[in-house]
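J.: First the structure, then my questions, so here it is.
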Amino acid sequence: MSEEKRKDAVQVTVEFSGGLEMLFEHQRKLQISMAKKGEEVPNVAELVSHLCNDVMKDSRKDLFVLDGTVRPGILVLINDADWELEGEDQYELQEGDNILFVSTLHGG
Amino acid sequence: MTTVSVVESLRQQIATCETQLGYLRQQLAEAEHLQQQRRLRGEESVRRTTDYDPLAHDMSYGLSDDFRSEIFAALSHAEEEQQEQSVQRWPLDRTEYKRYGRQLIMPEIGLQGQLRLKNASVLIVGVGGLGCPAAAYLVGAGVGTVGLVDGDVVEESNLHRQILHSTPRIGMTKVDSARVALNSLNPNVRLISHPTRLSPESAIATFQPYDLVLDCTDTPASRYLISDTCVLLGKPLVSASALRTDGQLMVLNNPPRAKGDGSGGPCYRCVFPKPPPPESVVSCGDGGILGPVVGVMGVLQALEAIKVITAEQPGVNGNSVRPTPADSPSLLIFSAYANPMFRSIRLRARKPKCAACSTQASVTPDALNSGSLDYVQFCGSINPVNTLSANERISVDNYAKIRMEVNPFTGMEPSRDSHILVDVREKVQFDLCSLDGSINIPFSTVSSVLTKEASEVESKWASELRSHSDKPIFVLCRLGNDSQLTVKRMKELGLDNGGQRWIGDIKGGLRAWRENVDNDFPEY
């Protein structure tokens, strides 16, 4: 809990929907702490690479990240808004942000 | 399908059609009866007039025949006029007041809303898990014309969710089956059949006569095609999808403004400019689907369609009604096992460089009509896995011999203990039905990465297999793809002792096993 108060890190909630949770051991919601590098605040791009490299245990990495960014067919939502409204992967994380990754579904 | 089941299916279809015919005959009899009654009542009222009216008395007994017939003609003309008046007197038919009464009294619908529904035509592409409930509610609500597009026939595995179809109609086209159900729900709605798969060449001509389109299909290729066609023709699109326990809903191209007009609603390409990699696309057949989940999404599509159709039209002063924040583009996410179940996400506006709805669009009517836009290629497709060499694979027939006869390769006597049979389907599927003596190591376990924390868990299955290093390993799955990848993975982990031990996959998986060896093995 002391980590939450740390000033050198940003705490965010990460959520998965549309089947992406299956790549993260069926966890729908994670609390992630992203360290600050001095004054530099981590952005969504860094969060994505942290999730892919350190958190994700499934070997099928390309179902989450492709060509260095979130693969086509996944919407990234920052506090319930499309990340395109917030500066995409350059958005700087703020304490308590909710980042939702939604895989599009095609069944019908 | 075996001949027996074809015969049975045909018998059932005939029975269904006969039931439907009987129903129509009954309706006809009732209608004729009603007509007869009206005619009798009409004659009676004339007779009553003749009997009790003083004028009629005069006409019958005191006036000349010529004059009497003139009066009769005038009277009957007046009556006709009155009847005509009663037709025009109310904007809706009396039966419509009754049928739609519960929605008519709502301010969201009212008389104008009902008239808009009656004058509207909606195209439903895909008459499956989404299309069935959507069509039922739109037909029930009195949408004037409903078009149905689907090239498939009803299958038994559809019935848990595709609520317009029924057991006796297995084998019938989905469009015909839906028509039977919808016609009996509300015979006042004009139903139009398009019993073929939508193609780029036919899309524009098919969509043209309709006001609004519902995307109830199940592939990325059809979703791009439908969105592009709606943009080209300026029609709003209600798009939904569902898989397992999740669903998604968007109202796209609403309002459907001209290309490049930023005040128009985004299209599917604005939200998803690039298609997902084909290996990430999971169908309901592979991933599963819970009936009420896809049902909820289809019902929501009908609801959004009703909202779009009955929305206030541009005001008399030419002031169009501005979209309220609630109308700004959004994606509704439904997760049956999450709390809360519904979540609404704000979507982007139109993309300034969108390939479909911007001024730089490359999607044009000519490109679509000529078939030069290949949506299947755009979205890609997965080739069946073929990563193993021939001597790493065994057919189901040969594997059956190993189980029941002498091993053709090693000359070993048949025995369950002579080898290890690994079934890599997920546990839930393994629990449904499995081959005797097989052990379950789910593909998700096999494919998870070896990290420090996970190594202990993983080593359990790997070390278990290592401890019987003399026995060959046969890997089996549902269709024969995951089994090949598992063989590769096991060899990477060195379970084959540098080639000392045979590890291979059973070609075609349990589907081939059922088809070639054991017809009794359940199909799911």
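Cβ atoms are placed via backbone N, Cα and C, with glycine included.
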J.: Which of B:Lys174, B:Lys235 shares the ATP site with B:Gly129, B:Asp150, B:Ser157, B:Asn158, B:Leu159, B:His160, B:Arg161, B:Asp218, B:Thr219 per TrEMBL?
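T.: Looking through B:Lys174, B:Lys235, the residue TrEMBL assigns to the ATP site is B:Lys174.
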J.: Least buried of the recorded positions B:Leu159, B:Cys284, B:Cys357, going by other Cβ atoms within 10 Å?
T.: B:Leu159
J.: Cα-Cα, whole number of Å: B:Cys477 (active site, cysteine persulfide intermediate) versus B:Leu159 (ATP binding site)?
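T.: Distance between the two Cα atoms comes out at 26 Å.
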J.: Other than its own, how many Cβ atoms are within 10 Å of the Cβ belonging to B:Cys477 (active site, cysteine persulfide intermediate)?
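T.: Taking every protein chain into account, the count is 25.
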J.: Applying an 8 Å Cβ threshold (strictly under) against chain A, tell me which of the binding-site residues B:Gly129, B:Ser157, B:Leu159, B:Arg161, B:Asp218 fall inside, in sequence order.
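T.: Only B:Gly129, B:Asp218 pass the 8 Å Cβ test.
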J.: On the DSSP side of things, how many residues of the domain 'Rhodanese' (B:415-522) fall into helix, strand and coil, could you say?
T.: 48 helix, 15 strand, 45 coil
J.: Identify which of the binding-site residues B:Gly129, B:Ser157, B:Asp218, B:Cys270 has its Cβ surrounded by the largest number of other Cβ atoms within 10 Å, counting every protein chain shown.
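T.: Selected residue: B:Gly129.
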J.: Which are the residues of the chain, B:Cys267, B:Cys270, B:Cys354, B:Cys357 excluded, whose CB is within 8 A of where the CB atoms of the Zn(2+) site average out, their centroid?
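T.: Here the non-site neighbours turn out to be B:Ser227, B:Val231, B:Asn253, B:Pro266, B:Tyr268, B:Arg269, B:Val271, B:Arg350, B:Lys351, B:Ala355, B:Ala356, B:Ser358.
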